[in-house]
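Enquirer: Below is the structure I would like to discuss, written out as structure tokens.
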Amino acid sequence: MNTATGFIVLLVXATVIGGIEAGESDMRKDVMGLFRRTICTGADRPCAACCPCCPGTSCQGPESNXISYCRND
């Protein structure tokens, strides 16, 4: 095995081990929750499948124009 192949194997193994450790970490849940809160859809904005409504709001509709909106609960 040459140096480049050894480096690639080491890099892949470190990535796999890091992914396993991150999956078991409580910190990951907090970071993902923070990420979700930053991309949620606020009140009176159109709902989207990729971006859920923020806490305290829910997707309601569709309105007369066939678009659903996040509304305060």
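Positions of Cβ are set from backbone N, Cα and C atoms, glycine also.
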Enquirer: Swiss-Prot annotation: C70 disulfide-bonded to which of C53, C54?
Expert: C53
Enquirer: Distance check, please: Cα of I39 (site 'Important for the neurotoxic activity') against Cα of C47 (disulfide bond), rounded to an integer number of angstrom.
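Expert: Between the alpha carbons of I39 (site 'Important for the neurotoxic activity') and C47 (disulfide bond) there are 12 Å.
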Enquirer: Of C40, R45, C59, Y69, C70, which is closest to C51 (disulfide bond) if I measure between C-alpha atoms? They're all recorded positions.
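Expert: For C51 (disulfide bond), the spatially nearest of the recorded positions is C40.
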Enquirer: Measuring CA to CA, name the entry from the recorded positions C40, C59, Y69, C70 that ends up nearest C50 (disulfide bond).
Expert: C40
Enquirer: Using other CB atoms within 10 angstroms as the count, which residue among the recorded positions I39, C50, C59, C70 scores least?
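Expert: Among the recorded positions I39, C50, C59, C70, the sparsest Cβ neighbourhood within 10 Å belongs to C50.
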